[in-house]
Amino acid sequence: MAAPLFDCLIVGGGPAGLAAALGLCRAIRTAVVFDSKSYRNPTEHMHNVSTWDHANPHDYRLAARKELTEGRYNTVTLADVALRKIWKLDSGEFEATDAVGKVWKGRKLILATGVKDEIPELPGYADCWPKSIYHCLFCHGFEERGAPSVGVLAIGPVANPKPAEHLSRLAHNLAKTVTIYTNGNEELAAQLRPSIEKDQWLTLDNRVIKQLHKTDGIPVRVELDDGTTKEEGFLVHAMKTTPRLDFEHNLNLELSAQGTEFVASPPFSETTTPGCFATGDCGMAIKAASMSMSNGSLAAVGVVSQLAFDEKAK
């Protein structure tokens, strides 16, 4: 029996994928949402999302899924399964094979797969992420406001004067003092000093970090190479990310210059592969739930518009 043809295959059951599915519902278009149940950030609370601020992301996903399938809409299918393969066919359609071997076909494809975090090779970092190391101070940090001191890890993508200073000034809204840890990077320390030397609340520490130690709560103990330790209310660091595609494919997607997301043309996020859209974290430089929702909605508009003109051409 031939696989049914959906208007769109949506890969990813997070904020972007669910928002895209809702847009397709509104346009009375059929779609299937593949959700592997593996999500990037295992946090217990989502923030900066109106009406869902400080709510559990699991509860948000449940409510969004219910809205798609148990309310007024009946054109979206939820498939809680990982994919093994996605292939663009000569016809221009997309064919997906899931983990149990079932084949699905769609006229368009929305990737809402998120990203993978590349954990730095710093001892203890993985133990402290994400409970005590924050990549976004709009998503995290408010609950720890008023901390005596917090730290900024100026390593990896933050080993540059602009992001290191930027994150430090944002962190000062939440803490009395801030320490920038350059992890022995003399060149970076020299570049930072002229810009921050007048800030009494900001300290530059150029010693090498030996290890990060998690505590029973949020604070982190930073152990330096000379044997001294300092406890920080939390640490701030944005690690490198790469788009997540855990399946075989022939999509030939182009990466951004930074390699952190797919090239996706605004406003509807179509990739360099016609008919394939990348939305949410895998298609945006700024990665946050509220922006992923908006981006997913726009991707749905792009899909629906293309479908309408495809049908005109026939």
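Every residue gets a Cβ built from N, Cα and C, even glycine.
Not measured: the values here are computed from a predicted model.
Here's what Swiss-Prot has on this protein:
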BINDING   13-16, 35-40, H47, A112, D281, 288-289  FAD binding site
DISULFID  C136-C139  disulfide bond
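What Swiss-Prot annotates, mapped onto the structure for a quick look.
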residue: G13; record: FAD binding site; DSSP class: coil
residue: D35; record: FAD binding site; DSSP class: coil
residue: H47; record: FAD binding site; DSSP class: coil
residue: C136; record: disulfide bond; DSSP class: coil
residue: D281; record: FAD binding site; DSSP class: helix
residue: A289; record: FAD binding site; DSSP class: helix
Sequence-ordered list of residues in the chain of C136 (disulfide bond) that lie 6 or more positions away and have a Cβ within less than 8 Å of its Cβ, or none, is A238, K287, A288
Other C-beta atoms within 10 angstroms of the C-beta of Y39 (FAD binding site) total 15
Cα of P15 (FAD binding site) to Cα of C139 (disulfide bond), in Å and rounded, measures 14
Given the binding-site residues K37, H47, the candidate whose Cβ has the fewest other Cβ atoms within 10 Å is K37
Within 10 Å, the Cβ with the most other Cβ atoms among the binding-site residues G13, P15 is that of P15
Spacing of the two Cα atoms, G13 (FAD binding site) and C139 (disulfide bond), in whole angstrom, works out to 20
Counting across all protein chains, other CB atoms within 10 angstroms of the CB of C139 (disulfide bond) number 20
Students should find that the Cβ of D35 (FAD binding site) has, within 10 Å, a number of other Cβ atoms equal to 21
Other C-beta atoms within 10 angstroms of the C-beta of D281 (FAD binding site) total 30
